[in-house]
Amino acid sequence: MSTLVWIVLPYACLAVFVAGHVWRWRHDQFGWTTHTSQLLENRLLRLGSPLFHLGAFGVIGGHAMGLLVPASWTAAAGVSEHTYHLVSVTGGTITGVMLVAGLALLIARRFVSGRIRRVTTTMDRILYAAMAAMVVLGMSGTVVINLLGDGYDYRETLAVWFRGIFWLRPDPALMSDAPLVFQLHAIGGFLFLALWPFTRLVHVWSAPLAYLWRPYVVYRGRRTPAPAAQPAPAAVRKVVTPSS
Amino acid sequence: MRIRAQVAMVMNLDKCIGCHTCSVTCKQTWTNREGTEYVWFNNVETKPGIGYPKHYEDQDRWKGGWKLDTKGRLVLRGGGRAKRLSRIFANPDLPAIDDYYEPATFDKDILVNAPAGLKDTPVKQPYSKLTGEPMSIEWGANWEDSLGGDSGKDDPNFRNMVEKVTFEFEKTFMFHLPRICEHCLNPACVSACPSGAMYKREEDGIVLVDQDRCRGWRMCVSACPYKKVYVNHATGKAEKCTLCFPRIEAGQPTICSETCVGRLRYLGILWYDEEAVLAAASVPEEELLDAQRAVFLDPFDPDVQRAAREAGHPEEWIEAAKASPVWKLISEYRIALPLHPEYRTLPMVWYVPPLSPVLDAAGAAGRDDTNADDIFHTIDDLRIPVAYLASLFTAGDTAAAGGVLMKLAAMRAYMRARTLDGTVAQELLDGIGMTGAQVEAMYRLLAIAKYDERYVIPAAHRGQAAALEELGGCSLDGEGGPGMGGGGRVPVTIASRRNP
């Protein structure tokens, strides 16, 4: 059981994550979009979206710091355990609260606005539910256990297991004694990665940083010299569905 | 010099009767799909009016187009690259759907299926295409048609005018303004697209959105000062007027031109120097009109023709450029003007400003529109209409706008004298600095030009695209195209969208 959850599941999820993105990139460029709905609702989005995105940047950065940087490194750099704890809990709480508030607003507008409700896909619902579950688990880990409770030193256990996955040496024993909230958050995290390529989250990989240095006006030639002949009008007409 | 060809359009506003045929045929061709219900690649608005979307000309509010910064450099009005990216999570300059209008449909079944003998007449109720709920229709793309309502007085063009246009019926000054994408030489939408999905075609200057590369950052919508890029809320991608490129490639005019009842549209190509574009967009406001005209290259100039040949342009294009009605109207007769040159995008749909509403006002003032002095004085005196047209077409230069109106008025008077009296009104020709032959050619082009004179679309593509001519449907219905109906792959993100 422990092998299944702490070794097989992570690798399976990562495989889906990678293969899913390759498939989506190759077969669904047309669906690869933020799927913006600002046109339809702006009031809640104007506050919720920046909160959510900036909070998410902080949370992702915090996860990278906590999971990827071994405790021995920070100790060697002269950062005391207390300082590290202070920084991580404060940072995690602030960015986490931003993320929670932003996500709450974004979910609320899906319910409040009839226009948005109408364009919300099943995949959007799954994504919002998964994200909400992850955030609740993560925040209860940070706030309930590490800020208010006795604390749990994930850096010596969870983080080591996590890095082990990438060294192809994951040690399931490290996870078996972790608090349930952390266990669920870790499992959920990998399931979330597996969900990622099938949602609008793929827009993250298209973050338009290249815009900062590309020339303003883009010129492009017609790639194909001659458009191919099209099917007969009757066949073409068939696919035009009248709007309801 | 880097010579490029641009397929450009001129519309003669005197001939527009505001019938909206162009809008309807365009919509049937391109935007009769879910997600584009509110989208009109071609719309006809009544001026004065606030337009579609509301107040789109108010760039203090929407931050469209370009401006000169304090050092005189050309920058996007919405801010530099970093500033725009910082606002990517919530674009503060994006019009909401209500700035366009809430699209509606009607439940017509109730009229057909209502039982006989009802006490009350059954009525069809409008339903929102966005929510499916009953709604009341309170705005539309042509809500102000023929000065309907009282929103016209809020026209952003009045902002810089000392005197206001009156909206009293007997003093009304109005005309129709059909608008499509301007396919600018210095397109702000392309420049603002974070993904690099928008581009200007090297062959013909048509500005397009690559539907596969658009990621829905919606910066193009804000950056376009004409608000002619739209978000398709079903696909989450930007869409815009394509200048009917499948038809242009086949040597045919755009649908809006083809079906124009007033035959007021002209299509042709212009040579321009790509390397001169940035400088022309960066001159002080009062020089913009002349700078934009100077970017176009004379198709009769042997040096230009040689450059075009060296750049690999086919002989048909060099000939077509010489026959281009657009070149004649813009550069030879100089009676076509760009819409809002002060946006600095170098728009490529130009307009012959409407003379009729001006002359109507002159007639009301008891002027004689056959007398040269009277004509020129009348136009000088009609400050309000001329100032209004100047704010639309010449960045506020009333002398330039008035000059065009004088040419049009002089042409009418000259032709009247010639046909009715058989006399040559030399004082009219002197007044506008044109020869009789030029005025008669101009008259012919404006009044009676046939299909092949109005649309000179080079046949160079025809060899390649002959197969397109009998296309019948929309080529973009194919794989990945915004037509989307093509039975190809269904995008993951919209596959499970509930149908209304």
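Count begins at 1; order follows the chain as displayed.
Keep in mind that glycine also has a Cβ here, set from the backbone N, Cα and C atoms.
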Of the residue ranges A:84-106, A:153-175, the one that TrEMBL records as transmembrane segment: A:84-106
Cross-chain proximity of binding-site residues to B (CB under 8 Å), evaluated over A:His63, A:His185, A:His203: A:His203
Residues satisfying Cβ distance under 8 Å from A:His53 (heme b binding site), sequence separation of at least 6: A:Gly102
Residue with minimal Cβ packing [other Cβ atoms within 10 Å] among the binding-site residues A:His63, A:His185, A:His203: A:His63
Maximal Cα-Cα distance (Å) across residues annotated as binding heme b, namely A:His53, A:His63, A:His185, A:His203: 24
The transmembrane segment (A:180-198) touching the transmembrane segment (A:6-23) per 3+ Cβ pairs under 8 Å rule: yes
